[in-house]
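> Marked as domain 'SMP-30/Gluconolactonase/LRE-like region' by TrEMBL: 40-301. The divalent metal cation binding site annotation in TrEMBL covers Glu42, Asn189, Asp242. Positions annotated as substrate binding site by TrEMBL: Arg135, Asn137, Asp156. Among the features that TrEMBL reports, active site, proton donor/acceptor is placed at Asp242.
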Amino acid sequence: GGDDCYSDLRPTSNYLGVESSIPAVKMEKVEKLAVPCLPVGEGPHWQEDLQALLFVDVFAKKLRRHFINTGRSQELYLDDGDSATHVSMVIPVEDDPEMMVVALGKNLSVVHWSVDDPDIHTTKPKVLHTTTDHRFNDAKCDPQGRLWAGTMCPLDDKGKALEYNNSSLYKFDHDLVCTSWVKKVTLSNGMTWSHDRKSFYYIDTVAEAIYHFDYDDEAGSISNQRVLLNYPEAGLQDQRPDGMTTDVDGNLWVACFGGRQVICVDPKEAKVIRKIAIPSKNVTSVCWGGKDYSTLYVTSGTLRTTPEERAAYPSSGGTFAVTGLGTKGTPPINYKVNLDKLK
């Protein structure tokens, strides 16, 4: 990334040509995975037991799984009888490695997907819950394995909100009981928790803001909403916050839709401390993975980009592995749910 905060450091020798005792700065490397470029790739989730990246192909209503060590890729088409036009997230169920919760339009559903299934396969999802909101968008599990899922407004062809403040953030507990926690949301997106389990961070993309809440881990409750980072005020006027994750240092890594980058935010200082350039305009989400969680996987999309923009960035819509960041993440949390409720 040409404009991150390390770019003005030079490795191993100072300007007098004398060998320096400062160690070489390890620069990040961004590589495109051998998976198709998508209109919108989203919701990356690392499957440690498989060393595979799970993510959604939003408009194709497909789950995709890319096995990092072998290069194998699987696709699972979700046949819901055409009731939904989008799949927006996938999260594995804790005690059944072949069971996954997906958001398909208004429905939170469950599917089975095995590594033994054909590489291109179709399944019928089973509906667990239907929202009265326009549709689900992003979701993530809290440290106790409860599922938080947000909804979003309808958008026009240019991506402009057609309605405002009528979506919400919901929590599904271990028994699938749904409660509403944040109202008057327009486009629910990235969620992540602090390691001390005292803070919850959440994005409303249309509001161009990352929010900070107090989080009660035992109760699974959030309170005291305030703005952590406002994009225009932070000089990020031409882009919007999308998916988000936390590193071991407690910093937030945020995908910037329209910004060709992922930013790193120090939540204690409420400021951007690093920017990583991604060769795709619309960067959608991020997650940590790889054998020691030091790889940042980044999804993106070609949606609402011009032919000129795609020509300038031939990797547009790609899924990327970013290494050499000098930090890492922690394992993702799967949905800890009463399996009897899914049958």
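Any Cβ shown, glycine's included, is placed from N, Cα and C.
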> Rounded to whole angstrom, what's the largest C-alpha distance between any two of Arg135, Asn137, Asp156, listed as binding substrate?
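Greatest Cα separation within the listed binding residues comes to 16 Å.
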> Taking 8 Å from the centroid of the Cβ atoms of Glu42, Asn189, Asp242 as the cut-off, which other residues in that chain fall inside it around the divalent metal cation site?
Gly43, Asn137, Asp138, Gly190, Ile203, Thr205, Gly243, Ala255, Phe257, Thr284, Ser285
> Whole-number answer please: how many Å between the C-alpha atoms of Arg135 (substrate binding site) and Asn189 (divalent metal cation binding site)?
12
> Using all protein chains in view, find how many other C-beta atoms are within 10 Å of the C-beta of Asp156 (substrate binding site).
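Excluding its own Cβ, Asp156 (substrate binding site) sees 8 Cβ atoms within 10 Å.
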> Using all protein chains in view, find how many other C-beta atoms are within 10 Å of the C-beta of Asn137 (substrate binding site).
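By my count, 26.
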> Determine, using Cα-Cα distances only, which of these binding-site residues is closest to Asn137 (substrate binding site): Glu42, Asn189, Asp242.
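Closest recorded candidate to Asn137 (substrate binding site) by Cα: Asn189.
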> Within the chain of Asn189 (divalent metal cation binding site), which residues six or more apart in sequence place their C-beta under 8 angstroms from its C-beta?
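In sequence order, the residues whose Cβ lies under 8 Å from that of Asn189 (divalent metal cation binding site) (at least 6 apart) are Asn137, Asp138, Gly150, Tyr202, Ile203, Asp204, Thr205, Pro241, Asp242, Gly243, Met244.
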> Among all the protein chains here, how many other CB atoms are within 10 A of the CB of Arg135 (substrate binding site)?
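Total other Cβ atoms inside 10 Å, all chains included: 19.
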> Work out how many Å separate Asp156 (substrate binding site) and Glu42 (divalent metal cation binding site) at their Cα atoms, rounded off.
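Approximately 19 Å lies between the Cα of Asp156 (substrate binding site) and that of Glu42 (divalent metal cation binding site).
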> Mean pLDDT, the domain 'SMP-30/Gluconolactonase/LRE-like region' (40-301)?
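Overall, the domain 'SMP-30/Gluconolactonase/LRE-like region' (40-301) comes to a mean pLDDT of 97.
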